[in-house]
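Structure first, then comments.
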C-alpha cells in the first residue's frame, strides 16, 4: 500500500474526522482486516506498540505513513522503545524452520544491530534484491588489479619496492597531486598479498553485513569518505610519501562497527563479543605497526619513500565520527539528525583545508617532494 492510497482510504473511512492528526490503532487494525489489506503482520505488531506508547491508544498519522512506507523517524523509534509492552513476537533466535539464507540474515541482524526491535524489523522486511554489491565489487576489483600487477611484475609481496610499481596511474604520489583521481584510485593498489588479504577479509566479513543492513548508499559513502580522508591526510602530514591500499576505507568501516558495539555493549547479542573485539583491535594495531615499520625501516632498498600509514588513522577517525553517526541511525533519515550535519560540516571543512594545502602549501613550505616516477 502506498502513501496516496493510504491517505485516500483514511479519508473515505473518516478515521480522523476532527483532523487531530491521530488515528485509533484498534480502528485502523479493524479496517485492515475488513478490507483484507496486504499489511505485514510485523508492521501491525509495531502499530500496536506505537499505540500503547500513547496515553489515548492512538497513532500519529505521520508515524503511520512512515510505518507503511518502511521509514522510521527518531520519534517513531523512541515510541517503540518506550512502549508499555514489547512486541508480541518471540526473539529471532526462536524462529523455527529457517532456510540457509534466512539464517544468514538472522546472523547479520544479531551481528550488526543492538536492539531486538531493530533486529526483527530488519529480519522481516529484508529482501535479497538488491544484493550488497558495493563491497563485493570493490573487493573483486582490488583482487583483479593485484593479480594483473603481480603477473606483470612477477612479484607478489612488497610490490612497492619494484621500480615499475609506482608508475601505475592508480597510485597516489605527491608528485602527481594534480591528478585528482589518484586520491581515490589508490585503494585498488596494495603493497602485497598480506595487505590485500587483510583488507579483503575485513571488507567481506564486516563491510558486506553492514551494507546488507544499512544499504549501499550509506556504506559506500562511509568507505569512500575514509579512502579520501586517508590520502588527503597523508598529503598534509607525510608530504613525501605515496599511498596504496584500501586501508582508509577498511578502517572507517571497522572503527565505526567497533565503536557501535562498545556504545551498545549490553544490547549486542553477537557471541564471544569481548574476545572478537580484542582480536579485531590486535589485528588492526598489528597492521598499523607493519605499515609504520615499512614506512620508516624498509627491509629492501627502495628508490623513494614507502607508502604512509596515516591513511589507516584517518580512516579510523572517519569511522568513529561519520561512521558511528550512520550506524546509530538505522532506518532513520540522516537529514533529521543534528549530529549528521555537524559531522558533514567538519568533514567539509577538512576537505577545503586539504585542497588549499595541496594547492599552496607545498610551494610555500618548499617541500622536498620526490620526483614522480
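We number each residue from 1, going along the chain as drawn.
Using N, Cα and C of the backbone, Cβ positions are placed for all residues, glycine too.
Heads up, TrEMBL stuff is auto-annotated, nobody curated it.
Per TrEMBL, the features are as follows:
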ACT_SITE  247  active site, nucleophile
ACT_SITE  312  active site
DOMAIN    179-328  domain 'Peptidase S54 rhomboid'
TRANSMEM  133-152  transmembrane segment
TRANSMEM  183-204  transmembrane segment
TRANSMEM  216-236  transmembrane segment
TRANSMEM  248-267  transmembrane segment
TRANSMEM  274-296  transmembrane segment
TRANSMEM  308-327  transmembrane segment
TRANSMEM  339-360  transmembrane segment
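Counting every protein chain shown, 23 other Cβ atoms lie within 10 Å of the Cβ of residue 312 (active site). Taking pairs at least six residues apart, the transmembrane segment (339-360) and the transmembrane segment (216-236) share three or more Cβ pairs below 8 Å and count as touching. Between the transmembrane segment (216-236) and the transmembrane segment (274-296), fewer than three CB pairs separated by 6 or more residues in sequence fall under 8 Å, so the two stretches do not touch. The average pLDDT computed over the domain 'Peptidase S54 rhomboid' (179-328) stands at 92.
Between the transmembrane segment (133-152) and the stretches 183-204, 274-296, 308-327, Cβ pairs under 8 Å are most numerous for 183-204. Cα of the residue listed as 'active site' to Cα of residue 247 (active site, nucleophile): a distance of 6 Å. Across the domain 'Peptidase S54 rhomboid' (179-328), DSSP assigns 110 helix, 1 strand, 39 coil.
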